[in-house]
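Working notes for the structure below.
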Amino acid sequence: MRTAWSTLPHQLRIAGIALLASWATVLSWRVLTDGFAEVAIPLLMIGVVVAGTGALGRWSRLPLPGIIAGQLVIGALLVLGTTTGSPIPTPGNVDLFLAALDAALETSRNYAAPIQLGVPPVYPLLLLGGGLVVLAVDVVACSLRRAPVAGLVLLAAYTLPVAVTGDAVSWWLFIVVAALFLTLVFIQHSDHVASWGRAPEGEKGSFSVRTGAIGNTALALGTASIALAVVVPAAVPTMSMSVFEGNGPGTREVEVKDPMVDLRRDLRRGADVPLLWVTTPGPKPTYLRISVLSRFSGQEWTPGDREIPETQAATGALPTLDGVGVDVDRREFKYDVRVGPDFASAWLPIAPQTTRIAASTDWRYDVNTRDVISAQDDVTTAGMTYDFTGVQLDYDADSMNSAVSGAGSVAGIFTEVPPSLNNEIRRIAADVTADAPTRFQKAQVLQKWFREDGGFRYDVDEVPSAGDGSADLLAFLNDRVGYCEQFAASMAIMARVLGIPSRVAVGFLEPERATNGSWEFSSHDLHAWPELYFPGSGWVKFEPTPQTRGTVAPAYSETEFEAVPETPTPSASRSTELLPERGETADAEASAADEETSSIPWVPVLAGLLGLAVVVLLLLTPRLVRAARRRRHLAGGIEDLWLELRDTARDLGHAWPVGRSPRRAGDWLATLLAAPVSGSDRPDRPRRGRDQAPEAAEALDRLVLALERSRYARDPESFTADRFVGDLELVEKSLAAGVTPREVRRAAWWPASVAGGRRLPRRTRTRAERGPTSTPDRESTRTVDELVG
């Protein structure tokens, strides 16, 4: 008799809940792109087919690798059909899908979320990822029956948009996913507990039916836990920007001021006021940074919310330089700073790359931005003296040009693009850099466009009401007149649109030599510039402000690279049409020649053959293991033959009576014997019993007797397996005759003794192993057999 778990309605019900849980989780990805319905609806249809396939396979008791392989193949064909319009994997169709997937990957690298319409969509990428989530949850929760583990898959998928955009997912979606996940866990454990024992007389049904009170309790606990998970985080006071007073150690937040507003105001003052003086044995200090603006809200650039503990006091060595490889050449110099009484700043001016600082405990450094902030409202830089050790890095342009994407190496705040950003800004960024093959070259093109090619002009007085919001930046890009704030803010946000982590730095540009030999920075030296992140080089300065301001572009940012030659081919692939070249200069011509001589997509073909070989190996593994175990059993003694008989019975679908004596087990096996019949004469429901196969019953008795003598006789006999192999094979044939052909095939290809069921003890201890005992009389032996059997 099948358990409730094995019935088809139950399989469909649990698969449906798992599908809804995974699909609802993938709905959280809607913040990644516009038009997400183009992904959500097809994914639901694909999920219905994949989940239904798994439910039918489990109900039919197919091998687990076969179920997974079937779901994977069907899901892949449906994704292929949804993307290309045809699920038939012809070479042309596969090429079309790979081109669309390549275009989606390129879009995901070049554009920040949410990706707008009008560029190659990321739908194939999201559809493929969503399909894998649906398949993984179905396999773990339904096939492996590990619903709690499936929660890890759901959690990973649910947190993906948080990691990409930095924004929280909708609370109502969390409630839906959590409720479906808890339902999965409850159903699995209710059926699991139901299998522990039998229901009392007169009670039928599953555990959840027999114990409705427990179901109600579980519902109440689940509802309460979900409610607490939603309400408690909202009640925790983590968003306040106030300063908490206290004497003990701990994390205290500091209130930050707006460096952009101060920069805008100070640049418009007529008088050039000296602010601070720097003394150093090194070269002329330029680009002395005050603050880092990491968050763009769509209205303004701000330093973001800062939580800086007292342990990060600016009184010693700082952490290692963020993202800078050990192979980058560097030189360190000490800088002594004296601030005048007219410069009251909540931020401490230091070099962008600083390894040590000696200020006071009233100042703290931020590990993410490496700027230094006042810890108290009444503490400013006015009249202050301090020193720090700055580092000059010798950047390698080739290294930055070949660097991978840095989006995954920095905090999400450095790649955020607000949904309200005008699409025209996105379009301009894409058009200006369309011919640049790498991220670093795109950054170079942006800088040159602002400084030279774009017709921009630096002028503070002509832009009296300038800001750095989305509308202000678009007006600046159209009018092309502005000052350093707008140049830096525009390049930074356009870099993020192109998939390059960026931020805006505010500080001093270039000092003048004072009469005492120090370097003097004044109010007219205030400046803003963008910093872009490239793995291996860290945060790198660019200079988009035109040189009429006195700015000089860094040498590495003007390095020229060899252009990639374009080799026209008779038939260009769709991927070439959708995407710009990525700069593979050495292999471009060879790849084009290969495409001309062969149209066979060898990579997907070989990958498919490898996947097929893995599936075949997985399907053959239980059969091979079972064959090796049988050879070992047949080469042993009578105990090994008994183990082989036990494994055969289990493989044929019979539950071995654990704990019974050989005689009781033999009597049970005799009821399963049937007369072997070959061909079409075999009945669907063969009659079974000792009288149906007398020769096999006698062979079974001989096996039982030999086993009893080896275990219980005063002087145990040593039997070799070859004496009873014929009896064993005769009994096995009769056992196989007592089941359906389907069960015989399953025993051959997916033996339960290897691939399923609980592990049984190898054998009962022999009498010699138990030690000497008195010989039991016949009556006591009969009583023990009755109790055990």
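Using N, Cα and C of the backbone, Cβ positions are placed for all residues, glycine too.
Keep in mind that TrEMBL annotations are predicted by a computer and have not been checked by a curator.
Counting only same-chain residues 6+ beyond the ends of the transmembrane segment (12-29), those with a CB under 8 A from a CB of the stretch are 36, 39-40, 43-44, 47-48, 51-52, 54-55, 126, 129-130, 133-134, 136-138, 141-142, 150, 153-154, 157-158, 160-161, 169-170, 173, 176-177, 180-181, 183-184, 187-188. Marked as transmembrane segment by TrEMBL: 12-29 (among others).
Beyond the ends of the transmembrane segment (35-56), by six or more residues, the same chain brings 8, 11-12, 14-16, 18-19, 22-23, 26-27, 29, 67, 70-71, 74-75, 78-79, 82, 117, 121, 123, 126-127, 130-131, 134-135, 138-139, 142-143 to within a C-beta distance below 8 angstroms of the stretch. The transmembrane segment annotation in TrEMBL covers 35-56 (among others).
The transmembrane segment annotation in TrEMBL covers 68-88 (among others).
For the transmembrane segment (122-140), the list of distant contacts is 15, 18-19, 21-23, 25-26, 29, 32-33, 35-36, 38-39, 42-43, 46-47, 50-51, 54, 68, 71-72, 75, 78-79, 82-83, 97, 100-101, 103-105, 107-108, 115, 146-147, 149-150, 153-154, 157: same-chain residues at least six beyond its ends, Cβ to Cβ under 8 Å. The transmembrane segment annotation in TrEMBL covers 122-140 (among others).
TrEMBL lists 147-164 (among others) with the feature transmembrane segment.
Annotation source TrEMBL lists transmembrane segment at 170-187 (among others).
The transmembrane segment feature in TrEMBL is assigned to 207-232 (among others).
Note: the domain 'Transglutaminase-like' (476-546) comprises 21 helix, 30 strand, 20 coil (DSSP; helix = H, G, I, strand = E, B). Among the features that TrEMBL reports, domain 'Transglutaminase-like' is placed at 476-546.
Annotation source TrEMBL lists region 'Disordered' at 560-594 (among others).
TrEMBL lists 602-621 (among others) with the feature transmembrane segment.
Marked as region 'Disordered' by TrEMBL: 760-789 (among others).
Annotation comment: TrEMBL describes 766-789 as compositional bias 'Basic and acidic residues'.
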